[in-house]
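Student: Before I ask anything, let me first share the structure, which is written out below as structure tokens.
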């Protein structure tokens, strides 16, 4: 379930920018490395049970999820579980960091996926809605990568102006 949610998060970002993400099996060929870790691990940002940090990422392409977290991959319409953290939301947020976006605490963008404060995506009745990018997120990522342009060639096939990154 987490792998499916990660693929969907990559697809959401890729739908807005000229970048495609391809899954690879070899860590050496991955531009983005995703790991589930606990406590002290291979970087200078250890996870602690005393401090709530669900994940961290930066533009180096390393994304760590705290494996001590109770993760939940929600589907639209699910009832929110108070003790569980929305993996879909955190994955989309952290991939934004990998792609170069900082936190966005602008009061004009209260629904930005890049807000520093985690929140569940719910409808008016409290049922889960899949997280999505806010207009501010889209504008900010396009400032880094440019517009995704889809062109149709003479045979009717569509081509995008995309480059690729690989993830593991």
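Quick reminder: no glycine exception, Cβ is built from N, Cα and C everywhere.
Pulled the feature table from TrEMBL, pasting it below:
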type: BINDING; residues: 31; note: Ca(2+) 2 binding site
type: BINDING; residues: 41, 43, 56, 64; note: Zn(2+) 1 binding site
type: BINDING; residues: 93, 97, 103, 114; note: Zn(2+) 2 binding site
type: DOMAIN; residues: 2-147; note: domain 'Peptidase metallopeptidase'
Student: Express the distance between the Cα positions of residue 114 (Zn(2+) 2 binding site) and residue 43 (Zn(2+) 1 binding site) as a whole number of Å.
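Tutor: Between the alpha carbons of residue 114 (Zn(2+) 2 binding site) and residue 43 (Zn(2+) 1 binding site) there are 22 Å.
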Student: What residues, ordered by sequence, lie under 8 A Cβ-to-Cβ from residue 103 (Zn(2+) 2 binding site) and sit at least six positions away in the same chain?
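Tutor: Residues satisfying the criterion: 114, 115, 116.
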Student: Within the domain 'Peptidase metallopeptidase' (2-147), what mean pLDDT does the predicted structure show?
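Tutor: The predicted confidence over the domain 'Peptidase metallopeptidase' (2-147), as a mean pLDDT, is 92.
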Student: Around residue 114 (Zn(2+) 2 binding site), how many other CB atoms lie within 10 A of its CB?
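Tutor: Its Cβ has 21 other Cβ atoms within 10 Å.
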Student: What are the DSSP helix, strand and coil residue counts for the domain 'Peptidase metallopeptidase' (2-147)?
Tutor: 39 helix, 29 strand, 78 coil
Student: What residues, ordered by sequence, lie under 8 A Cβ-to-Cβ from residue 41 (Zn(2+) 1 binding site) and sit at least six positions away in the same chain?
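Tutor: Residues satisfying the criterion: 35, 47, 64.
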Student: Would you list, in sequence order, the residues of this chain other than 93, 97, 103, 114 that have their CB within 8 A of the centroid of the site's CB atoms, where the site is the one recorded for Zn(2+) 2?
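Tutor: Counting only non-site residues, the set is 94, 96, 101, 102, 104, 113, 115, 116.
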Student: Determine the Cβ neighbour count for residue 93 (Zn(2+) 2 binding site): the number of other Cβ atoms within 10 Å of its Cβ.
Tutor: 24
